[in-house]
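S.K.: I have a structure I would like to understand better, so I am pasting it below and will then ask my questions one at a time.
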Amino acid sequence: MVFLALGIEGSANKIGVGIVNGDGEILANPRRTHIAPPGSGFLPKETADHHRAHILDLISEALSQAQVTLSNISLICYTKGPGMALPLSVGALVARTLSQLYNIPIIGVNHCVGHIEMGRLVTKAENPTILYVSGGNSQVIAYNESRYRIFGETLDIAVGNCLDRFARIINISNDPAPGYNIEQLAKQGKNLIELPYVVKGMDVSFSGMLTFIESIAKNHSQEDLCFSLQETAFAMLVETAERAMAHCNSNEVLIVGGVGCNLRLQEMVKDMLKDRNGKLHAMDDRYCIDNGAMIAYTGMLQYQHGDRMELIDCTFTQRFRTDEVLVTWRS
Amino acid sequence: MDLTLISQGAEGKIYTCTFLGKKSIKKERISRSYRQKSLDTKLRERRLIQESRNLVKIRKEGVPVPGLYFVDTITCSLYMEFITPSISLKNFFIQNPSIPQSLLSDFANQIGKSVALMHNVQCIHGDLTTSNMLLKPQVSLATEILNDFSPADYLVNPCMVYFIDFGLSYGSSTPEDMAVDLHVLEKAISSAHPQLEKIFIEILAAYKIHKRKADSVLTKLEQVRMRGRKRLAFG
């Protein structure tokens, strides 16, 4: 019989269900996104309501796409954290219920590790330096001695959070994503406004930049503001990624997380790598945007390497650092 | 000039060269095409000046750093003393799997003291990692021995810990900035040399002895650490 893992992801504004087989092949991976009105972010309660309204349909959709039934599923995986508590609770609850109803083993997965493992599977990158940039995280990560070690990270807000909040300040639409709309406006930007550039070793800070740009937003065009914000924030990320690469003697970069979809960021990383003869593995929906398959695949790796979870331990947590996970499946 | 590239960091290219007849290091901050021209120029110039000022300033305090020979503001290059023979602390740790505790304590003391001396004159290094510390033997040895000094030789000869790469250094007198500086070091050690994590405790102990008003920095360090834990609220 084929090993099939079903993964549920719902740590932020996306709810996704993925089905992956033992070879890491994605059989189904549908998702829905909760989009907040302009000028507002996604709030825990509304997001959880959204997830509750869609999760059962998504499971049926995934099963029929994969042409299997729940009794064929060998393992249920869900996002244990990090994320917003209420949205996370929806995925955890449904995962526990399915596990008991159909008597299937269950496993909780670290969301960040999910991104990384899916990225490695899809790109076949051996041992890349990982730039993890999303609405909740900005980290530079590299693998060392059974853990994904965080070499650098934001000292305050995530880069995606900075972009999202900036979009709210100047009232840009959240559809399909605030970052996407900023990227489009930035293409028309001409003048680089000087913004605070804060790099401390391999760490970065974005909150000062956000406060500053808010204070001058009235004096400049939307296009120039978006352009300057992107250019400055991304230059900080690229610089820290390069510093980590130099520190670890690595010459591959894997970008994961939602901000990784930004073509300008990809271009800048490529540019940096050209000087070092390095290689970029970038952007693919399967690992950049939150989805169920990455949780299913990572949970499967954990399970196949002996990780087990009792029902009582199948909780969820808002805080769950990437380096807390013992990586048993890499040697 | 006989330039030989020895490393390419995020900051720029490091060459060995001959400067006024002396074997030297040239650190050139190359222009990076990934960032906008105006930002690129601003960063390179600002860091060149900060680095040269701080090198001179803390050398006076007795912190082992390369002597500065010349600052070229046109190409954004520094000419400095060539520390040789030397090995980065990072490579030393990697290539010597078992290091006697007494040696580790010696290095920890030197590091803690030097960081304290820098902070005493309001100089924040900004990138304290084990790649940015060099071990140089303190014995006078014949040239042919010095020329093929192996990683293991550093175990048996007393060494001085030199600090390099002040490219991200800046002046500040706040406990916050000093605590962040220490936190960068703590994370660099725990991420690159997890088995040597304990050395940081000794570094802090030495820091405490030599830093004026160390308590306010160490209290702040606690807060900075907590911030790191708290930050991961979302996925």
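Any Cβ shown, glycine's included, is placed from N, Cα and C.
As listed in TrEMBL for this protein:
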type	residues	note
DOMAIN	A:31-297	domain 'Gcp-like'
BINDING	A:HIS111, A:HIS115, A:TYR132, A:ASP290	divalent metal cation binding site
BINDING	A:TYR132, A:VAL133, A:SER134, A:GLY135, A:GLY136, A:ASP164, A:GLY179, A:GLU183, A:ASN262	substrate binding site
S.K.: Are there binding-site residues in A:HIS111, A:HIS115, A:GLY136, A:GLY179, A:ASP290 whose CB lies under 8 Å from a CB of chain B, and which ones?
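M.R.: Listed in sequence order, the binding-site residues near chain B are A:HIS111, A:GLY136, A:ASP290.
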S.K.: List the same-chain residues at least 6 positions away in sequence whose Cβ sits under 8 Å from the Cβ of A:HIS115 (divalent metal cation binding site), in sequence order, or say none.
M.R.: A:TYR132, A:SER134, A:VAL256, A:GLY257, A:TYR287, A:CYS288, A:MET294
S.K.: Whole-number answer please: how many Å between the C-alpha atoms of A:HIS111 (divalent metal cation binding site) and A:GLY179 (substrate binding site)?
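M.R.: Taking the Cα atoms only, A:HIS111 (divalent metal cation binding site) lies 21 Å from A:GLY179 (substrate binding site).
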S.K.: Across all chains shown, how many C-beta atoms besides its own are within 10 angstroms of the C-beta of A:TYR132 (divalent metal cation binding site)?
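M.R.: The answer is 25 other Cβ atoms.
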S.K.: Do me a favour and check the Cα-Cα span between A:GLY136 (substrate binding site) and A:ASP290 (divalent metal cation binding site); whole Å is fine.
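M.R.: So the Cα of A:ASP290 (divalent metal cation binding site) lies 12 Å away from that of A:GLY136 (substrate binding site).
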S.K.: Measuring Cα to Cα, how many Å separate A:ASN262 (substrate binding site) from A:ASP290 (divalent metal cation binding site)?
M.R.: 15
S.K.: Rounded to the nearest Å, what's the C-alpha distance separating A:GLY179 (substrate binding site) and A:ASP290 (divalent metal cation binding site)? Just drop the number here, would you?
M.R.: 15
S.K.: Helix, strand or coil: which one is A:TYR132 (divalent metal cation binding site) in, per DSSP?
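M.R.: DSSP call for A:TYR132 (divalent metal cation binding site): strand.
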S.K.: In sequence order, what residues of the same chain, 6+ apart, have a Cβ less than 8 Å from the Cβ of A:ASP290 (divalent metal cation binding site)?
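M.R.: Listed in sequence order, they are A:GLU9, A:SER11, A:ALA12, A:LYS14, A:GLY16, A:ARG31, A:HIS111, A:GLY258.
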S.K.: Translate the DSSP assignment of A:ASN262 (substrate binding site) into the three-state scheme.
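M.R.: The residue in question, A:ASN262 (substrate binding site), is coil (DSSP, three-state).
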